[in-house]
Structure formats: structure tokens, C-alpha cells
Amino acid sequence: MLTQRTADHARNIPCRNIQIYGYCKHEKDGCMYNHDAMKTAAAPSHAENLKKRFNVESPSFTPSLPDGNGSSKTNTISPKAASAAPFTPKTAKAGLAPPAAVTRSNSAEWSNSEIPEFVPQGYQQAHQHQLSEGSSSLQDPFASYDGTGGYSESDAAAAAAAAAASINPYAQDATNSAAAAAFFQQPSAFSQPLQYHLYAPVGPHRENLLAYQRSAHDFFIAENLRQEFQRKAEASLQVLPNSNLPANIEYFHSLVPLDTSNQKNTNSFGYNSWVYKATSGKDGNVYVLRRIENFRVTNDKDIGSVKAWKRIANASMVTILDCFTTRAFGDSSLVFVTDYHPLSKTIAEQHFSSFYNPRQRAPQLLVPEQSLWGYLVQLTSALKVIHGNGLAARLISPTKVIVTNKNRIRLNCCGILDVVQPAQASTLAAQQLEDIRQIGRLMLALATNNPNAVSNAKTLEVIGRTYSERFRSIMAALMDASPVNPVSKDINTFMSNIADQVFNVFDTALHYEDAITSELYRELESSRLVRLMVKLGFINERPEFSDIGQSTGQWSETGERYYLKLFRDYVFHQVNAEGRPVVDLGHVLTSLNKLDAGSDEKIVLTSRDEQNVFVVTYKEIKRSVETAFQELSKTPRRL
């Protein structure tokens, strides 16, 4: 009985094979489900189903459900569907028009307000923002979809760039993401400038000092280096108020004599020579003028030889910049213009002062061997360039080599003898060998601490007892420079024999460069604290300015500008428990650096009458400083 009732009930249930496949292969074998009710409403064939699956005009699929009595009921489309708007894909291009249909109002049955439409993050806000501004050039970011399942290459590149920009963690614009509002400020609000306060000391570090072992001087350049630079700057700007010298020579003015002695000397050039410091009227820089007194140019070709020297640029040689004749001194003088190295001394003044100045009888110390090697490498480096250009120095003596810094020398007065005492071109090779011998005599004088030392076997023996055998052998090769000497037959051969010392001097120069770079790194953006104090000075105690164009009282005493005044008192006007002023440079530098960095550290600002107390962060103070200063800068009203 139970089986018969089950079979009767199954005959009223439509066969699912006909609903899915359009036919039932078990119908002839005695399928127990109903097939007659579904034949008229059978689904199309499988091929037709695939063909019409993506038709935009096809109705939505709604499966028929049995009612409560067990009878089947086929749901039909509601008559209200005729008034529904046609479906238009958002990704369609402008060229792909939707099927033609009558535009009618949407039916409430086909709209579901509870389920919002999915829109990629960052697109909806930008889309609404552009619509609100009425932009005529609004473009859908998905409009590049071509309707066939792909994007064009240019559109894909633009989409990738937009995606990269939307996830940029350093972007200041927070409109692309609502979640980023907690981390980034709005574009209309105060924007944090570049982080110029992020400085790291550059190595190598010679001293390992703890924090409490450092002083305020560590914030600035080294004291000895600062004093040296200040002395050189002072010497460069030195003037002579009451002077009998000419006011102007060509385009130079403000002449100051650099000679340490007023005695005339004709040993070097055969004419009296004087040295002056002068300021150029063209660029405002300071140069050296070396005057050759009572010299008349008989051949323009001789003075034209200076052009070859002007093309030589070597770090171990003083560069010649110009040469001209003048009668400003009351005679016919020849003037050479060279670079100015303030507070420089000659080798004679640096190492032989007791010989050239009888008043100084202090004993002269021997020059260290490493310094002598440095001098030798620098002089040979200058000669290598000079000889390579087909010229000869012709004058290398203790009075014509200057010391511009510690163990830093430069060959001076090059090219003067080519004008004053021109030589034949056939003697160039002999002059270049004489340059090597003159270097040997200069190094011999420095090694023996005697400018009048004579090269002989006894002198070389004395050098051997004081310095290394390698240095003694090099001195002997320099003094015996000749075309047949395998060590010093020319400057290139000689430098190849002292290549190891060249690398040592080069390594020392690199260490010095590292030290100077570290000092320079300390001064990076050193004026930023001055800029902060200048901005505070513009804002504080300014009563006459009003942002609405009329007098409203103390502008700097209202709003956020009021605690800028309190911050100034916090930095500069602090007093101790006894009421005495606190003059603490460390406190000032620390506070201003934190303000420049926009730190989140909180400080307490109290008014002078102790009636107002503010707890603010350095970041808020920095925002107030920038806002107030921008308000002052952009105001059109004349103060």
C-alpha cells in the first residue's frame, strides 16, 4: 500500500531530466516521474541553450516549485517586467550601443536597495567627486574593456599606473581610501614637508663617544676647522683703507700687498716683483696680481705664451688666469693674474723661517719622511702635466712653492720666465731635466733643514742616517738626473719608480676627503633652524595684521597663533627656580629640532600670568607655524 501511494505521488512530480536536458532517456524504461506536463514547456536543446545563454533579452531563470498539495505549478514572468529598463553593462565602450528599447521608469519589483552594487575601492569616490564638479572629461576606469574579454595595451598600462598610485603609502592624498584617513591628512589641511631633519653621520668615525660625553660643539663644524676657515675668510676680505696703491688696475680694485718684506729682490726673475691681492670687478672674486716692475714687452709672441699655461689645470699648481701690461703704477709693468689661496706660506717661510728672518731664532724641526714623500709626489704630479704639455716650470725653489694647507703644496710662478726670459725651443728637453734636478735640490734642503745644502756624498750620508735608505736613493737619483739615468731620465720614468709612495699619498688624500665630507654632512641644511626662528619672528608680536582686512585687535594673540608666543617663551625665556634666566643652548637646539621634525612629543605651555595652560605636541605647533606664515605670505592687503 505504501509503495502504491509513493508511485502515485511521483507521477505528479515533473521529471528533472526534461528540465535540465530537454529529454529523459529513462522514459521508455518506465521512469516513475511525470513527462507529459513538461513536453510542451520543455527546455531547448543543449546547443540552443549555449547559444542563448548570454542573450541580454532573455528572462531570468526561475525554477518551478511544487505547491503545498503536491501539484506542480509553473511560474510565469510578471506583467510588470514589460515596463523594466533594459540592461546596459557598465563595461561597454562608447561604440558598443545597448539593444534598442523604450526608456521607462524603473519598477520597484526589479530594484533592490538593500544590496548595494559592487564598485572597486577608490573608483566610486573619485567618480562621484568628478560628477559633483561637473567634469566633462569624466571617464570610466573600466571603459577600456573592449567587450570581448580583454584590454588594450595602453589601457592596461594606465590601469596599472592607477593601481600603483592607489596603494602608494607615501601619497598625501587620502581621498582614494576612507581607511587611510586615520594615517594621512586631507589635502586641504596642513601637509608635512620633506623630512630634512633625517640626518645620519657619515663615517668613518674616529671617536666613540657616548651621549653624555658630547658637547654643544658637536652640533657644528669642528672648532679647529671653523677657526681656520674664518681666518682665511677674514684674510680674503681684508682691505687697506689708506693706501698709495692705484685704486683700479684694469678690472681689479681694492689692492692689498701680500709681500712680507719691503726689500726689492731681483734674484728670481731679473726684475723687481711685487704681489698684491685684488678683487675682480667682473665676478667679485679675489685674485693675486704679481707685478713685474719696469718690464717692457718687445715681442707679442712672448706674452702670447701665457695662453698655453692658461690651459693647464693641476691641483698641485697655481693656475695662471690672465696676463696684461699696465702703467697704473707709474711705470711699464707686467701683471700676472693667478688664483688666490688665503694665508698660504712659501716653503721658505714654513720650514726655513730662521734663515730668511734673522729675528726668529727658534730651532727648526726636521720634516717627517711621510711629509717629504707627500711633497715629492705633489711636485712630480705638477711636472708630469707641465712636461706633458710641452712646457717647463724653470723655477722650483723654496720661495716659489707655497703651502696652502697641512702637507698641501702648490707650484707657483709658472710661466713667468717664459715671458720675461724666453728660451729657445731646442732647449726644452734640457729645461725639463733641470726641473727634476731643482726638485732634488728642494727636497735635499728640506731633508737637511738647510736651504743652502750642497749635493755631495756627505750630505747623502746624513740623509741616510735620518731617513730610510729608499728615500736616500731617490734623492741621489734626483740630483743625478740625466738622459742615461734609468731612474730619472724623464718625469714619467721617475714617477714609475715611486709608484708605491704615490698610492700612499693617494690613500691619505682619500682619508682627508672622508673627514671633510663628514664635517660637511654636519652642515647639511644647517640654516633650517634659522628659517624656523625667522618664521616665528614674523608671526609673534604682530598686532596690525588681520586676515579679514580690518583691525580686529592683536592678530598674533588669537587662535593658534597665541600658543606660538607661549612656545617662544618656552624656548628662549625660561627661568630657573630662583627666577634667573636659563641660557641653555642644548635646550634651544633640541626644541627647535623637534619642532622642525614635527615630533609627537607633548609639551606644556604656560602663559606669563599662569592663567592659561596648553598641552600641545610639536607637530601641532609646526602646523600652526606653517599655517600662520602662509597666511602672512599670501595676503593681498598692504600692511
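Yeah, the Cβs are placed from backbone N, Cα and C, and that goes for glycine too.
Quick look at what TrEMBL annotates:
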BINDING   Arg290, Asp339, Tyr340, His341, Pro342, Leu343, Ser344, Lys345, Thr346, Thr399, Lys400  ATP binding site
COILED    500-538  coiled coil
COMPBIAS  57-78  compositional bias 'Polar residues'
COMPBIAS  122-139  compositional bias 'Polar residues'
DOMAIN    10-38  domain 'C3H1-type'
REGION    57-109  region 'Disordered'
REGION    121-146  region 'Disordered'
REGION    539-639  region 'Knob domain'
ZN_FING   10-38  zinc finger
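Taken together, the residues in the region 'Knob domain' (539-639) have a mean pLDDT of 82 on the 0 to 100 scale.
When DSSP labels each residue, the domain 'C3H1-type' (10-38) comes out as 11 helix, 2 strand, 16 coil, counted as helix, strand and coil in that order. Long-range Cβ contacts of Lys400 (ATP binding site) within its own chain (separation 6+, distance under 8 Å): Ser268, Thr346, Leu411, Asn412, Cys413.
Among the residues Arg290, Asp339, Tyr340, His341, Pro342, Leu343, Ser344, Lys345, Thr346, Thr399, Lys400 said to bind ATP, no two Cα atoms are farther apart than 17 Å.
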